[in-house]
Amino acid sequence: MIAILVSGAVGLLVSLFGTPLFIRFLVKRQYGQFIRQDGPTAHFTKRGTPTMGGVVIIAATVLGYTVANISAQRMPQVSGLLLLFLMIGLGVIGFLDDFIKISRQRSLGLNARWKIIGQGVIGVTFSVLALQFPNEQFRTPASTQVSFIRDTGIDLAFAGAAVGLVLFVIWANFLITAWSNAVNLTDGLDGLATGVSVFVFSAYVVVTMWQSNQSCQVLSQVGPSCYETRDPRDLAIVTAAIVGACAGFLWWNASPAKIFMGDTGALALGGALAGLSILTRTEFLAVIIGGLFVVIVLSDVIQIGFFKMTRRRVFKMAPLHHHFELSGWNEVTIVIRFWLIAALFVALGVGIFYAEWVVG
């Protein structure tokens, strides 16, 4: 418990006090956000706002995790390291995307093909490694079974280990891409994606702590309600650091934002959420916990699909938050109300998680 608190506190302090230093660094070098011409006109005033703030979020997370392990005199575990690898790897892809936008002063960053290849390499590496490193109980960080609140029994390795590995890599990469894009689409208003991330990752602190206390590896009497998650305490430490890092960053990212997280932060946080859902065996529960992200993605999919079929639009602009902007809602009002919706999704997800344990 102490290590989790230390991790969150260090992540918060590093982000809170490190972000203004990073802002000065970016302003000095004139690394500012380029605003799309086809976006809401109110956003033109944000042109030049420093971006790539995800660098601070990632750094604060790594430092929080490291200091917590040192203070608790514990060794990092493979699950936590895999989660950090996925977060940092996707953050690097996002950083390259942001840097190209800034250096070339355009809204298009990294070439789509190279972006997909980069995400694919990181995703495949994570997926393959997640099925390695069995512990004394022969549990690997991830499972080839599709999961809801725990493994469901739907095993992707139904036709053998080789087929299972291939299908798992495809499934995991789908989740990684989906969640990364979801957070990226949500990052359209000051503080929106950051605030929602605080709620969502806080839920996963609760989930991982509960899994740690009810782990099949620590309970004297193993029953059907215990969890077979590998290294849940280590995942809780990483997740607490992410919560602290996002909370500290939100101080500077809230309206009017002094800095944006950019693709650096959005891809990193999306990757971390995907990784957590895989490593905690909560792949479909994450859809509920991260429900606001899902709603944002669906609004974009509906808009594009409906327009292609009818040449008409469902929303004034997609994603959904831009629709409300063009409807005359104040940006802060939209953000706060979306935070409330995100909190309701999180409460529902955590409630379902706990109810399953009680019933099970």
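Quick reminder: no glycine exception, Cβ is built from N, Cα and C everywhere.
If one looks beyond the transmembrane segment (2-22) by at least 6 residues along the same chain, the residues whose Cβ comes under 8 Å of a Cβ in the stretch are 50, 53, 55-57, 59-61, 63-65, 67-69, 71-72, 74, 205, 209, 233, 236-238, 240-249, 251-252, 258-259. According to Swiss-Prot, the transmembrane segment annotation covers 2-22 (among others), on the basis of sequence analysis.
Taken from Swiss-Prot, the feature transmembrane segment covers 52-72 (among others).
Long-range contacts of the transmembrane segment (80-100) within its own chain (CB-CB distance under 8 A, at least 6 residues past either end) are made by residues 51-52, 54-55, 58, 61-62, 65, 109-110, 115, 118-119, 122-123, 125-126, 129-130, 141, 176, 180, 231, 234-235, 237-238, 242, 262-272, 274-276, 279. According to Swiss-Prot, the feature transmembrane segment maps to 80-100 (among others), an assignment based on sequence analysis.
The transmembrane segment annotation in Swiss-Prot covers 114-134 (among others). Listed by sequence, the residues of this chain that lie at least six past the ends of the transmembrane segment (114-134) yet keep a Cβ under 8 A from its Cβ atoms are 78, 82, 85-86, 89-90, 92-93, 96-97, 140-142, 144, 165, 168-169, 172-173, 176-177, 180, 267, 271, 275, 278-279.
Residues or ranges marked as transmembrane segment in Swiss-Prot: 156-176 (among others).
The annotation transmembrane segment is assigned in Swiss-Prot to 189-209 (among others).
Sequence annotations record features per position, and here Swiss-Prot assigns transmembrane segment to 235-255 (among others).
Per Swiss-Prot, the feature transmembrane segment maps to 259-279 (among others). Taking Cβ pairs closer than 8 Å, the transmembrane segment (259-279) reaches residues 19, 22-23, 26, 33, 49-55, 57-58, 79, 82-83, 86-91, 93-95, 97-98, 109, 119, 122, 126, 130, 141-142, 147, 172, 175-176, 178-184, 186-187, 193-194, 197, 200-201, 204, 208, 229-230, 235, 238-239, 242, 246, 249, 252-253, 285-286, 290, 293 in its own chain, all 6 or more past its ends.
Residues of the same chain lying 6 or more positions beyond the ends of the transmembrane segment (284-304) and with a Cβ under 8 Å from any Cβ of it are 146-149, 178-179, 181-183, 185-186, 196, 200, 203-204, 273-274, 276-277, 313-315, 318-321, 323, 338, 341-342, 345-346, 348-350, 352-353. What Swiss-Prot lists as transmembrane segment is 284-304 (among others), and the listing cites sequence analysis.
What Swiss-Prot lists as transmembrane segment is 338-358 (among others), and the listing cites sequence analysis.
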Mind checking which residues of the chain, 6+ beyond the ends of the transmembrane segment (338-358), have their Cβ under 8 Å from one of its Cβ atoms?
149-150, 192, 195-196, 199-200, 202-203, 206-207, 210, 214, 225, 282, 285-286, 288-292, 295, 321
